[in-house]
Amino acid sequence: MPGPSPGLRALLGFWVALGLGILRLSAVAQEPFWADLQPRVALVERGGSLWLNCSTNCPRPERGGLETSLRRNGPEGLRWRARQLVDIREPETQPVCFFRCAATLQARGLIRTFQRPDRVELVPLPPWQPVGENFTLSCRVPGAGPRGSLTLTLLRGAQELIRRSFAGEPARARGAVLTATVLARREDHGANFSCRAELDLRPQGLALFENSSAPRQLWTYALPLDSPRLLAPRVLEVDSQSLVSCTLDGLFPASEAGVHLALGDKRLNPEVTLEGDAIVATATATAEEEGIKQLVCAVTLGGERRESRENVTVYSFPAPLLTLSEPSAPEGKLVTVTCTAGARALVTLEGVPAAAPGQPAQLQFNASESDDGRSFFCDATLELDGETLSKNGSAELRVLYAPRLDDADCPRSWTWPEGPEQTLRCEARGNPTPAVHCARSDGGAVLALGLLGPVTRALAGTYRCTAANVQGEAVKDVTLTVEYAPALDSVGCPERVTWLEGTEASLSCVAHGVPPPSVSCVRFRQADVIEGLLLVAREHAGTYRCEAINARALAKNVAVTVEYGPSFEERSCPSNWTWVEGSEQLFSCEVEGKPQPSVQCVGSEGASEGLLLPLAPLNPSPSDPSVPRDLAPGIYVCNATNPLGSAVKTVVVSAESPPQMDDSTCPSDQTWLEGAEAAGPACARGRPSPRVRCSREGAPRPARPRVSREDAGTYLCVATNAHGSDSRTVTVGVEYRPVVAELAASPSGGVRPGGNFTLTCRAEAWPPAQISWRAPPGAPNIGLSSNNSTLSVPGAMGSHGGEYECEATNAHGHARRITVRVAGPWLWIAVGGAVGGAVLLAAGAGLAFYVQSTACKKGEYNVQEAESSGEAVCLNGAGGGAGSGAEGGPEAEDSAESPAGGEVFAIQLTSA
């Protein structure tokens, strides 16, 4: 083998150097010398190799080595030896590491081998194993070991039968055998048995090695000790066939059983069927020679055999021979009948046996008509093996005689119904069979005897029938009668009869038929027969059933009509009728009269004058004209006419309709004016007038005499009358005239010359109001916001003093004369109108004091308070003390142009 690799040599050198160093240290310490072997204990797979390191701490040993019986090689040093043991096969070996250092130093090791369970053998099973008997399972695992680490398991399929561990066996022991005795069962049939071996070396740091044997299949069987049941005849006739059967119960598996059936030296071909654990074989047995033969049945299973045997006697027994002296004999001729059979058979002719077995039997007689077609029978019996066998023969005699026409075969009188096909038969007795011919005595029609054909009245009459053969002829007269049903035609019995009310009439029908019929008529669904003259009244009109009765009875329906003039009945044509719009209902006016009168109703006055009233048809159909949408109410005159007269009736027609709510009566979007009279959000058409209820969010609208802004919203309105209801969703909007809700001045105190001030006017109105301003003439630099609600003045001057009028306008009115007066630095006046100079001078001192002392800080104006007060109002809405002086000036006269008294506000302009 090759030496150690360079890497291994380096490793060994390192260990040697390390060991020498340790030895030096030991020598210095004067420790005892020793020898060491690594590894001391090892487990190696059989045939493998192992490196051993033998070393000592002796500084200079005289000699050393590794003693073992195994092949080895490897490097060495002064104080160490490295050896590779190869092809280790012995179960156990003990190598010795030794060195000579004044004394002999030794170290012993232990090397053991293991072998995997590569071969697991299950001893072959018997080809068939009887159920209920024991068989042996034996498993061998040669060479595997150590045995103490082995475990063997015997298995049936995946089921463990027995498991054995060999723990505690000697370490050198190898291989193992496990044997078990098992009782064979039916369910073991076809089962696979196997052996599993486990070598567990995990405690030694190795793995678990497993292997299993090839499975061996077991075939079990059960065969009863009883013999098969054989069913077969005791005797069998030559060249005849007979069924034989063989049955055996208690087989397992029955499908594996074999059956052998044979008669003598001839093997039969059985048909085998299985019935649970029973096998049944049936076959057809036949033999060609007389004698005693053995019938054998054998059943084999699992190498065992059960059989049964029976003796069968094969015989020959011909049928008896029956002869007639003349098979066809003339009437009155002597006839001899003879019956013969085999030598051992006893014959019997017509119940009379022969004198002895093997003797013939005879019968003689004179042939007569009654013997024609007579059959003669002969029986032959044979006693064989305790059984009585019998056979018979027969012969028929034909007797020749002249024709005979009997009433049974050819009646003198025939009666047939007309119409259905019949087969006309007139048969004669005779041998040979006679030919029969039937024709009228006057040489007319000939009957087609024996053929299927229709029966007509023309066939009725008397015929002469002749039957003839070689023995003679016979003649007979026959009469044919053809019956037919009564005929009720339109001449003798018309289908429709018309009588006039008040006259005399009778209902009679004449019918023809064979045999002659009788005729009677009754009213439909009544029992009384109509006879004699009748005084015609309307109640006689209707349908009558006339019956003509003979053997082929016939019935016919006759409709009798009684005519009379028109007449109106209140129940079928009412005097008062109400038409409901949309009901698709027409006026029904049914008039009594025959023929059916025509009816027409025409308006006589008012809106319906000259108009035709549509009438409901008597027999409605899809093609009838459509129902009119509008029908004029009023008085109509109905006239009914037929050929016998006319009748007149007056009908009052009124029209009603279900509720209807649409944009014409109840717009879905409505606009109301605040303060107007409240009429409700909805109305509806209909007759009678519908009742309308409206609710908003489920609550009914409160009753208010005048429209309020709170009435705005969406309503569900339902209109109802006797003919139905209608609903509609209505959205209500409320509009109102402008009201100035806010007037504000900023700043709220005085304005110095050159300062800025702003006037704001806000109005409430729907639709929204348009705002406009009127400023003092010549006031410069006035600015307005986009919607005119704010007026601003930058750099106020004396020219900005005066009236500023805010006007709010929409379609329902306007609010105006909201006035602000800007006073100059020396004049402090705030009054409701443009008063004269004298009045202003007189009131100046008091007003200046009012302006200076009033808390006008908020800069807001409450229009509603101002409209209800005659006082001058401050910008924050507080009342002033101008009193009546403001009401009596010229400005008060101008107030007639506006809906409310003008309000005046003062903004003080002070010097800079």
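In case you wondered, yes, glycine gets a Cβ from its N, Cα and C as well.
Small disclaimer: the values here were computed from a predicted structure and weren't measured.
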Tell me, from CYS195, CYS297, which cysteine Swiss-Prot puts in a disulphide with CYS246. CYS297
Partner cysteine of CYS58 (disulphide bond, per Swiss-Prot) from CYS101, CYS139, CYS195: CYS101
Swiss-Prot annotation (region 'Disordered') - matching range among 368-398, 678-708, 771-801: 678-708
With DSSP, how much of the domain 'Ig-like C2-type 6' (486-561) is helix, how much strand and how much coil, in residues? 3 helix, 37 strand, 36 coil
Summed over the region 'Disordered' (678-708), the DSSP helix, strand and coil counts are 0 helix, 12 strand, 19 coil
Residue pair CYS101 (disulfide bond), CYS465 (disulfide bond) - Cα distance, angstrom, rounded: 161
What whole-number Å value do you get for the CA-CA distance of CYS378 (disulfide bond) and CYS546 (disulfide bond)? 70
DSSP says what for the domain 'Ig-like C2-type 5' (403-481): how many helix, strand, coil residues? 3 helix, 42 strand, 34 coil
Cβ neighbours within the same chain of CYS297 (disulfide bond) - under 8 Å, at least six residues apart: PRO228, LEU230, CYS246, VAL259, HIS260, LEU261, ALA281, GLU307, SER308, ARG309
Helix, strand and coil residue totals from DSSP for the domain 'Ig-like C2-type 4' (332-395) stand at 3 helix, 39 strand, 22 coil
Sparsest Cβ surroundings (other CB atoms within 10 Å) among the disulfide-bonded residues CYS54, CYS410: CYS410
